[in-house]
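**Q** Here's a structure for you.
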Amino acid sequence: MTLISKATRSFLLACLVALAVGGVSCFWFLHKIMDNEASEQLLHEKEQVEEYVNEIGVLPKRWFSISDSLWAVRTHPPLPMVMGDTVLFSTVQKEYLAYRQLSFGIATLNGYYQVNIRKALYETQGLKQALLLAFSGLSLVLVGLLFFINYRLSRSLWKPFYRTLDTLKTFQLAQKEPLKFRRTSITEFQTLQSNLTKLTNQLRQDYQSLKTFTENASHELQTPLAVIASNLDLLIQAPNLTEEQLERIGNLIETVGNLSKMNHSLLLLTKIENGQFTDSVELDLSSLLSEKIDLWEPLIHDKGLALHQQIAPNVRLNIHKLLVDVLLNNLLGNALKHNQPNGSIRVELTQNTLILSNTGPQPTLPVDQLWERFSKGSSRTDSVGLGLALVKQIADTYHFPISYHFQDGWHRVQLSFNIS
Amino acid sequence: MKILIIEDEESLAHPLREYLASEGHVCEWVSTYQAAEEKIGVYDYDCVLVDIMLPGGSGLDLVDLLKKTQSQAGIIIISAKNALDDKILGLELGADDYLTKPFHLSELNARIKSIQRRRQFAGNREIKFGDIRMVPDSKEVWVNDSEIVLTRKEYDLLMYLVANANRVLSKGAISEHLYGDEIDQANSFDFLYSHMKNLRKKLSEHGCPDYIQTVYGVGYKLAA
């Protein structure tokens with residue numbers, strides 16, 4: 001729910017509650033007042049009758065001067081006063097109408113009488129209905145107007161906020177320029193923007209220095225590695241080395257080899273992150289993939305693995321040649337390395353997707369860690385765990401969605417390209 | 001050959017000198033840009049190994065200078081930077097080859113041999129080892145006057161072994177020569193075993209003695 005709709009919803013709810021309570025109590029007060037008024041009028045008329053009787057001694061002849069609906073009935077004993085409501089059928093309006101009736105006993109010179117005074121209530125009911133209608137109408141217009149004003153006001157008030165959010169959404173760690181927010185006159189949003197600017201600048205700086213560090217460290221490592229490697233190369237040429245000594249040196253050479261491969265991959269990762277591979281050209285992925293498979297096929301057969309391939313012809317893609325090499329080599333190398341005896345590898349290329357599946361033991365890593373650097377599914381010392389991180393980085397660079405599934409003994413990596 | 005090594009890291013220059021000297025080359029070493037400039041101005045070399053990042057200047061400028069003054073010298077750039085731009089620029093300036101640190105001495109040796117071969121225009125273009133005869137121009141391999149058909153990788157492998165004959169070659173050095181940094185070590189070793197097996201089979205089928213020795217735990221050695 002957006003901020004504005006949340007605020008509007010609360011506003012609307014409050015309005016409705018206030019209107020309902022106000023309307024009901026208003027109506028109730030109105031009803032009470034009119035009700036009292038009717039009773040008081042009847043009592044007033046009663047007083048007039050009593051006054052007349054006190055002065056003259058008999059009931060007045062002309063009722064109409066006192067009330068429009070008054071009649072007297074002779075009774076024997078004196079009667080108590082009764083006030084009550086009743087309905088009578090009107091022959092004119094063809095419906096039942098509400099009346100209030102006051103009956104009281106009175107002693108005249110001619111004996112006891114019961115005097116009845118009746119007053120129509122339906123007139124006040126009509127009035128009440130009219131008032132209610134007017135009130136509701138007015139309320140609705142008022143609420144509508146308030147709602148509209150509030151909505152518009154909120155919209156314009158929060159506009160800089162939403163703009164700030166939109167700008168923030170575009171933020172990328174690797175971007176070279178600081179975030180540029182649109183100026184706003186509201187102090188709170190200014191504070192927000194300046195803090196966001198500070199925060200994102202710090203983030204960019206940290207990220208940049210981290211990258212620079214990785215790059216420098218990798219570069220600086222090259223020369224010492226070269227020193228170790230060349231000395232080891234010399235060392236194995238020495239005559240009279242025992243088998244044990246040779247094996248040890250061999251181990252060292254292998255480890256240095258792994259180390260320099262790792263270093264190379266790290267450098268490559270940093271370079272891809274830095275966007276140093278921008279010069280993509282349109283390549284024929286189908287033929288590239290076939291070439292790669294030709295390269296790997298002898299090894300695949302050597303390991304007793306079956307290879308199934310389904311490659312759609314002429315799949316063209318805008319991508320850097322080196323990166324696509326790294327991508328395919330790592331994917332194929334992985335499919336081979338993490339396979340099982342008598343297993344198989346399946347390569348499928350369509351216009352939109354590249355799917356590489358291979359049989360193999362269940363992965364020991366959670367899927368979401370699979371793409372991370374140095375996360376290894378096995379304790380093999382000959383794998384450094386940068387291969388899939390490279391694949392992911394390359395896929396991310398070109399905004400190719402990549403996914404991994406393990407099902408029924410098959411590892412399946414799917415890469416989709418948005419050809420546009 | 002007379003080789004000049006321009007490298008500021010003494011601990012790297014030292015094994016380089018030793019290795020190249022054992023290959024029968026005459027080596028000189030300088031560690032700064034100025035010293036290199038002086039040497040180049042005074043002496044003629046057959047081959048120059050030059051580092052890009054040097055105290056006092058860029059190795060690329062030395063390449064430029066070399067090309068202007070001594071067009072005869074073969075030039076190999078050795079750099080810690082595996083930057084494509086540097087590589088392209090270096091080769092455009094006229095360098096013959098580009099090696100990224102860390103590299104194997106046997107790789108450097110193979111590259112120097114290849115430069116040497118290219119410089120030996122006319123005359124003997126063949127390389128011989130025991131009964132094996134290789135013709136680099138046509139990429140042919142002959143054993144006792146019968147031609148062996150090798151795949152490209154097998155040919156490269158044999159060439160590398162012959163270029164570094166009588167030396168112990170680590171598996172890492174060979175597989176890196178064949179596959180570069182593209183393929184990780186585990187897979188490239190597997191490739192190497194497979195190629196080595198096929199190469200040995202083809203050679204022995206043509207009656208070639210088994211020159212390829214396996215050095216346990218390390219790699220291989222081609223020895224007659």
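Backbone N, Cα and C atoms are what each Cβ position is placed from, and that goes for glycine too.
Positions annotated as DNA-binding region by TrEMBL: B:124-224. What TrEMBL lists as domain 'Response regulatory' is B:2-116. According to TrEMBL, the feature domain 'OmpR/PhoB-type' maps to B:124-224. Summarising the annotation, TrEMBL assigns 4-aspartylphosphate to B:ASP51.
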**Q** Are there any residues at least 6 positions away along the chain from B:ASP51 (4-aspartylphosphate) with a Cβ closer than 8 Å to its Cβ? List them or say none.
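**A** Those within reach of B:ASP51 (4-aspartylphosphate), by Cβ under 8 Å and sequence separation of 6 or more, are B:ILE6, B:GLU7, B:ASP8, B:GLU9, B:GLY59, B:ILE77, B:ILE78, B:SER79.
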**Q** Looking only at the DNA-binding region (B:124-224), how are its residues distributed among DSSP helix, strand and coil?
**A** 42 helix, 25 strand, 34 coil
**Q** DSSP three-state call for the residue listed as '4-aspartylphosphate': helix, strand or coil?
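**A** DSSP assigns the residue listed as '4-aspartylphosphate' to strand.
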